[in-house]
Structure formats: structure tokens, C-alpha cells
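Here the structure is laid out as C-alpha cells; the discussion comes afterwards.
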Amino acid sequence: MEAFFWLYLSSAALLYIVSGSLLLATIIQLRLREKYSVFAVKFLIDLITASSLLVMAFLDKEDEKQCGIVQVISSSVPLVQCLLLMCEVIDWSLAAFSPIYFHQSSLFCRILPFLIGALFSVIIMACLVVIDIETDGSCVADANTAILTAYDMTLILAVACAVVLGVLLKKQLNSAFFRPVVFHFVATILLLIAPITVVIVLKYNHLHGSRLACDLTNMMVFVHSIVHSGYFIYNHEDVRQGLIATFCKCRVLTAIRRRSCVA
């Protein structure tokens, strides 16, 4: 649909700008690199999500039936984000339940869950692509079953993350981490679980509107990603300062540079 073409296009552009800026700041600024290296994985995955949305903008416009590779990419968008969320929840759980291990663990140990999540993403997407190639990109039962399985796995991951976040809510009730956990818990339910559930119900019952539901789900995933990054910036003053310093160093946003850069 023409409307989703522009929605996908604008969403991809905005995600490129936000995630690209955060990734660049994390790499350039020493303080951010030492403190938030793990988040660089999130920003990188967000850039991959932005690329998927960009591809969807053009493929979805050409493929009226939304078959083959279009479905593969469409189903991978929420799947990759839920795998990312699962890795983040593991990281937060270690910080909450094993703070000594969390603070003494190496950067590799903290990134390891993200690497495993990335490996699973590659394997799942590879399987979907193989199915698409074997079915010659047509809308056949095997391809649809594979896509449904991908959405099922995505929903299971999202629900598992919500359950763990609910447990963390009780543990962090009187701590400074209560508000961030509440934010992620609500965002997971409203922006991931709810739309994915709608897609699954429509697809299993072969009801009209499943294509629209898939497109809307991808938009909700985009909103989840951008809101997550926005809250990260809002909740960390050093990140905001790092972004401004990065813009100044790269001579971007002259107005900010004139006001904030120290000669």
C-alpha cells in the first residue's frame, strides 16, 4: 500500500539517524564506550531493523500478495527485536539477582548473550530464506507454516521477557531501577505482545487483514525501538552530553556546536 511505503521509508530514515548517532557516540566517546559498550549491540541491531524496513518499503509496494521474501523480512523484524529484548532482559536480570558477578564480569561475558541471540537470528532467517527459495517465492502452505512458526517463536520470546520483567518489577519496587523496568514492561506488552498476538490470530484463522496486521506490527516494532532509544537518552545525562560532544567533534549541527562546544 502507498501509505505504508512512506511509513516504512520515514521510519527507516528516523531509525538510521537515531541509532546511527548513538552508535557513533558510543564508539567515539571514551566514557560511553567504557560504560555502555553492550548497548552498541542494540544500536547495531536497530540499524539492521532500519535496513529491513527500508527493503520492506519497496518490496511491499511491488508484492501485492506479500509472499516469499516479503514475508521472510516482515516476520524477521519483530523476531530480531524480541531476541534483542531477551538478551537485554538477561543482562538486567544478572544486574538485579547477581550484582557481584555482573560488575566483575568481563565485557565479553556481558556481550555473549547478545552474540548468541544474533546467531539464533541468523539461523532462523537462513531457514526462512531457504524455505522461500525452495517454494520459489510462492504463497504455499510450507512457506506460510514457516512464517507462522517465526511469529509463534517471537510471541513466546516476548511473553517470556514480560514475565521476567514482571519479576524484576517486584524486586526493584523501591529502587532507582523501578521506573525503567516499568517502562520496558509496559512497552513490551503494548508494542510487541499485543500486535504480534493479533497477527497470529488472523493468520491461524486465515482472516482478512493479516497483511495489514503484519505491517502495523512492524510499525509497532519501530516505535518500540525508537522509544527505547529515546528513553535511554532521556535517562542518562552522560549519553546526552556524549551525543552533543560527538556532533561537535564531527562538525554536525552547527547551532548545537556554537552553544555547547568549548573552544
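Cβ coordinates are placed from backbone N, Cα and C, and glycine is handled just like the others.
Residues annotated as transmembrane segment in TrEMBL: 6-27, 39-58, 78-102, 114-133, 145-169, 181-204, 216-234.
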Intrachain neighbours beyond the transmembrane segment (39-58), with Cβ under 8 angstroms and 6 or more residues off its ends: 4-6, 8-9, 11-13, 15-16, 18-20, 22-23, 26-27, 70, 73-74, 76-77, 80-81, 84, 87-88, 111, 114, 118, 218, 221-222, 225, 228-229, 232
Candidate ranges 78-102, 145-169, 216-234 - greatest C-beta contact count to the transmembrane segment (6-27) (under 8 angstroms): 216-234
For the transmembrane segment (145-169), sequence-distant contacts whose Cβ falls under 8 Å of one of its Cβ atoms, 6 or more beyond its ends: 71-72, 75-76, 78-79, 82-83, 85-86, 89, 92-93, 96, 124, 127-128, 131, 177-178, 181-182, 184-185, 188-189, 192-193, 196-197, 199-200, 203-204
